[in-house]
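Scroll down for the structure; my scribbles are underneath it.
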């Protein structure tokens, strides 16, 4: 099937340029960085010295949930950035180089093309996210305290929806301009706008996908899935779908 | 019935007509050259037939009831500057596009092997495309256009950017392909068109100004150019040349005299008689080939 052919080619390409290796590693580093440094900071300061004699430094140890949220926090920032960088050229790069013309001279369906590209990025990013958060969770477990593994998996499932939306946005922007750099720039503007609007009008946009990590924190702390987390996830999925539809429409109406 | 009928195609970009009222039909098994200077609308026409751009007005009909269907199923297209996934090998790329064109994996592999053999890339099939030379890429481009055995092969300037050897290879290949497919290719090199095509469409500023076989085109022009040169310039030569009845125009470029004549047979006879009588020291007597420029000048002026 054509869709699988494109997906397989994307997976192979990501393999040959080592994305399957470095993206998970980078994500794992992001996820463990904060919990580890927070835990070892007092010991590091002791070892390095330089603190005046007699001064008492009291750094409160965060709880398990707070430590886990540090992992999520880093990924929300740097993980999103890496995702944008990975996805910025998947279509615009092919248009810019001119391969797109050759590919589209074959009877390739635009919907297959877009959704297969989407799937390939989603596979890579979700796998990296899962590996990273499980590693982060492992360190939280041994350094800070207990979080149930099932709770972690539930959190990852909701958190993944946010990343689907990010990838959807970048793919949509991919069909507008032919320069990967401009795609990254416009996508980041979109994501910043989404987050800014959410933090200003958070009380109105309680269903905003940008609030997903806040709701995850509530869930990890209380064990309760508030109804807003469902709405946010649904809205994220809906917007992702709309982004993809819009991208397909743009490609269809665009002269190759 | 013709394989393809293009009816009154017009494409307008911001009030500028890239092509205007272009109509032609392609017969099965013919090799047709689309000839014209840069910017005459060749690429626009070809991309339209390949389904990339929609005409502003007019329509294209394949002999299948295919107005509704996707053109791309029947058409193989080679862009002017083909670009590939350079991280793939030549064979991988062919299999990939073969599968995109709805061949099964086994069919695609089999077809890729055949085509690599045909375009003489068998030795480098396992090499990354980034290592290919310009000529190899052009041949790979032709192979990918053929992968789904299209009824119509569209080649945009297949030989123009190549060195003489590469050009020769591509022209030989096209002669091979002519045997079982319809080919439409664009070029601005008259010799290429002359060599492989059965028919010519002459395009200028978005209009078709002539169409027909090469032979027809030349006879339509109705005149031939002769080139003469002498070791020492005879006196009154221009006047004397103009007196010959079959010569109707004399031009001088450097030491060459260019004579425009109507009928080659009589003109040659009369000219040589004069040369003999006057005892002119003739060093060059050449029947100049109709160059693209001449053809154009004549066609445009008409």
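Even glycines carry a Cβ here, placed using N, Cα and C.
The transmembrane segment annotation in TrEMBL covers A:20-41 (among others). Under 8 Å from some Cβ of the transmembrane segment (A:20-41) lie the Cβ atoms of residues 14, 59, 61-62, 67-68, 70-71, 73-75, 78-79, 82, 86, 124-125, 127-129, 131-133, 135-136, 139-140, 143-144, all in the same chain and six or more residues away from its ends.
Note on the transmembrane segment (A:75-93): residues 10, 19, 23, 26-27, 30-31, 100, 113-114, 117, 120-121, 124-125, 129, 132-133, 159, 162-163, 166-167, 170-171, 174-175, 177-184, 187-188, 191, 213, 247 of its chain, located 6 or more positions outside it, place their CB under 8 angstroms from a CB of the stretch. Annotation comment: TrEMBL describes A:75-93 (among others) as transmembrane segment.
Among the features that TrEMBL reports, transmembrane segment is placed at A:114-141 (among others). Using a Cβ-Cβ cut-off under 8 Å and counting only residues 6 or more beyond its ends in the same chain, the transmembrane segment (A:114-141) has close neighbours at 3-4, 6-7, 10-11, 14, 19-20, 23-24, 26-28, 30-32, 35-36, 39, 64, 67-68, 71-72, 75, 79, 83, 86-87, 90-91, 147, 149, 152, 155-156, 159-160, 163-164, 167-168, 171, 175, 244, 247-248, 251.
Feature annotation from TrEMBL assigns transmembrane segment to A:147-171 (among others).
Residues or ranges marked as transmembrane segment in TrEMBL: A:183-204 (among others).
The list of residues near the transmembrane segment (A:229-251) in space but at least 6 beyond its ends in sequence, with Cβ under 8 angstroms from a Cβ of it, reads 91, 110-111, 113-115, 118, 158, 161-162, 164-165, 167-169, 171-172, 174-176, 206-209, 211-212, 215-216, 218-219. Per TrEMBL, transmembrane segment is recorded for A:229-251 (among others).
Taking Cβ pairs closer than 8 Å, the transmembrane segment (A:183-204) reaches residues 80-81, 84-85, 87-89, 92, 166, 169-170, 173-174, 176-177, 210-211 in its own chain, all 6 or more past its ends.
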